[in-house]
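Asker: In case it's useful when we look at the structure, here is the feature table from Swiss-Prot:
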BINDING   Gly101, Lys102, Ser103, Ile104, Asp105, Thr123, Ala124, Ala125, Ser126, Ser132  NAD(+) binding site
BINDING   Asp128, Asp175, His259  substrate binding site
BINDING   Asp175, His255, His271  Zn(2+) binding site
Amino acid sequence: MLNRSIHEITLPLKVIIGSNILDKIPDYLLKMKLTNQYKAGIITGPTTYNVAGKIVEEAMKNNGYIVEVWKARDARIETANQIVEETKKHGIKIFLGVGGGKSIDLAKYAAYKNNGYMISVPTAASHDGIASPFASLKGTSKPTSTPTTTPYAIIADIDMISKAPPRLIRSGVGDLLGKLTAVKDWQLAHRLKGEYYGEYAAQLALLSAKHVIRYHELIASGNPDGIRIVVEALISSGVAMCIAGSSRPASGSEHLFSHALDLLAPGKALHGEQVALGTIMMLYLYGDPKWKKIKRIMKKIGLPTTAEEIGIPIETIVKALTIAHKIRPNRYTILGEKGLTEEAAWRLVRETGII
């Protein structure tokens with residue numbers, strides 16, 4: 001029987017993907033009825049401001065917008081709350097997150113708290129936060145995502161994103177590979193715990209993973225067409241979360257493992273690199289032979305597949321595996337409610353060649 005409860009879905013109004021389009025942002029805003037009667041705030045970073053933020057600022061000012069700029073060095077909750085207060089004082093209504101994950105997460109949070117319009121302008125394709133209604137803020141009581149607002153629009157300049165370090169693109173692919181286990185975990189929670197499961201959102205998330213698997217060689221070549229595939233897949237994954245109303249289709253046991261690593265070895269590796277490594281191991285736990293194929297693809301792309309390559313001691317990886325289930329106790333996954341024993345974790349890293 002169909003679930004008759006009310007399920008509200010908020011999707012981005014527009015997704016614009018092209019090359020050399022940052023200076024056209026005012027035109028796009030105008031088409032969305034976001035005229036220069038609204039004050040705009042650009043949330044960016046010191047480096048990304050010089051690369052992209054400055055272009056957006058000048059284009060906005062040339063079109064009569066009053067613009068304030070925030071150059072944040074981190075995405076801690078204290079920084080986020082400070083930006084919330086300052087943007088409120090300035091009467092900001094259009095929040096442009098220009099940069100990587102930190103800038104976009106801060107802009108989403110500020111827009112959410114101020115009931116504004118959030119415009120996602122990624123300069124890298126390193127994870128699916130560019131389109132999701134969640135933000136990853138450090139310093140909160142839990143190392144998981146915070147609900148925010150769905151981006152009102154996503155404006156992705158492929159030319160700009162192509163100039164980002166290749167490692168960031170690879171990280172984006174790693175985040176997408178994680179959907180393979182995230183959806184399995186969601187299905188498991190549905191069967192064992194009666195949790196809501198949305199087939200459409202699940203299939204959309206899986207499609208984003210399958211898309212990068214299919215075109216992994218093109219992506220590895222650094223071709224702009226490959227970059228575009230990663231960007232589109234990351235946006236699809238973000239939209240899957242919007243449809244589900246949670247991060248379930250995009251975040252499962254592989255993300256719990258990554259969050260555990262964030263606690264034990266902060267800043268050692270990129271989010272997508274950690275997620276991809278977790279995906280290999282979680283697929284193995286499911287008895288899915290696909291883990292070998294995923295590992296081969298990761299090697300081809302240049303993603304780390306061992307503890308040595310990711311730069312984290314194997315003892316830390318084992319510890320992360322044993323505490324991952326505690327990160328988000330209400331999120332049921334293949335790790336179960338009691339998690340892995342240390343012995344089981346060591347066996348897992350040996351069997352999958354992480355050690």
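The count begins at 1 with the first shown residue.
Any Cβ shown, glycine's included, is placed from N, Cα and C.
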Asker: Given the binding-site residues Asp175, His255, His259, His271, find the one whose Cα is closest in space to the Cα of Ser103 (NAD(+) binding site).
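Answerer: Going through Asp175, His255, His259, His271 one by one, the Cα closest to that of Ser103 (NAD(+) binding site) is His271.
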Asker: Output, ordered by sequence, the same-chain residues six or more apart from Gly101 (NAD(+) binding site) with a CB under 8 Å from its CB, or 'none'.
Answerer: Ala75, Ala124, Ser126, His127, Gly129, Ile130, Ser136, His271
Asker: Compute the C-alpha separation of Asp105 (NAD(+) binding site) from His255 (Zn(2+) binding site), stating it in Å without decimals.
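Answerer: Asp105 (NAD(+) binding site) and His255 (Zn(2+) binding site) have their Cα atoms 17 Å apart.
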Asker: For the recorded Zn(2+) site formed by Asp175, His255, His271, name the remaining residues of the chain with Cβ within 8 Å of the site's Cβ center, in chain order.
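Answerer: Neighbours found: His127, Asp128, Gly174, Gly178, Ser251, Glu254, Ser258, Gly272, Gln274, Val275.
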Asker: With H, G and I counted as helix, E and B as strand and the rest as coil, say where DSSP puts Ala124 (NAD(+) binding site).
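Answerer: Once the DSSP labels are grouped into three classes, Ala124 (NAD(+) binding site) ends up as coil.
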Asker: Just checking a number: largest C-alpha distance across Gly101, Lys102, Ser103, Ile104, Asp105, Thr123, Ala124, Ala125, Ser126, Ser132 for the NAD(+) site, rounded to a whole Å.
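Answerer: Those residues reach a largest Cα separation of 16 Å.
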Asker: Provide the number of Cβ atoms within 10 Å of the Cβ of Asp105 (NAD(+) binding site), excluding the reference atom itself.
Answerer: 28
Asker: To the nearest whole angstrom, state the Cα distance for the pair Asp128 (substrate binding site) and His255 (Zn(2+) binding site).
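Answerer: Counting only the Cα atoms, the answer is 12 Å.
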Asker: Tell me which residues of the chain lie with their Cβ under 8 angstroms from that of His255 (Zn(2+) binding site), as long as they are six or more apart in sequence?
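Answerer: Correct list: Gly178, Ala182, Ser247, Val275, Gly278.
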Asker: My understanding is the cutoff is Cβ-Cβ under 8 Å with a sequence separation of 6 or more in the same chain; which residues meet that for Asp175 (substrate binding site)?
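Answerer: Same-chain residues close to Asp175 (substrate binding site) (Cβ under 8 Å, separated by 6 or more) are Ser126, His127, Asp128, Leu234, Ser237, His271, Gly272, Val275, Ala276.
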